[in-house]
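For 12-85, 89-126, the entry in TrEMBL reads domain 'Peptidase S26'. The active site annotation in TrEMBL covers 40, 81.
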C-alpha cells in the first residue's frame, strides 16, 4: 500500500512538472497574455482587458490590414494598435487605434518598423462577459 501511494505521488509530481514546463514554453514561444492599458482601442478593447498575443503569426507572413497587433512603439512602450491602410515605406506599417480621439498612433509617430510587431492580438479572455476572438 505504501509503495502504491509513493508511486501515485511520484506520477503526480512528474505530470505537474511536465505541465508547468509546457505552459512556460507556450507562454514564451507560442502565445503570451497581455493586459490592455488605455482606451485607444475602444470599443474593441478597453483598458484592463486581458488578451492573448500569438507570437507565431508573423514569422512567415506580414501583418494584414485590419489585424490588431501588439507592437513596440516610441520609447519601447508596448501597445495594441490595428494595422491600417496607408502608404508606408517598405518594411514599415501604418497603425491606428480604434478610438481616434484617444489614440497615439502612426498619425503622431509615423510608420513603425515591421520588426516592432511582437504578435497578433487574437483572443480576449477577461472580462469573461466579453471573452472571445478579437476582430
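Every residue, even glycine, has its Cβ placed from backbone N, Cα and C.
Other Cβ atoms within 10 Å of the Cβ of residue 40 (active site), summed over all protein chains shown, number 22. Within the model, the domain 'Peptidase S26' (89-126) shows a mean pLDDT value of 95, rounded to a whole number.
For the domain 'Peptidase S26' (89-126), residue counts in helix, strand and coil come to 10 helix, 17 strand, 11 coil, using DSSP. Residue 81 (active site) sits 8 Å from residue 40 (active site), taking the CA atoms of both as reference points.
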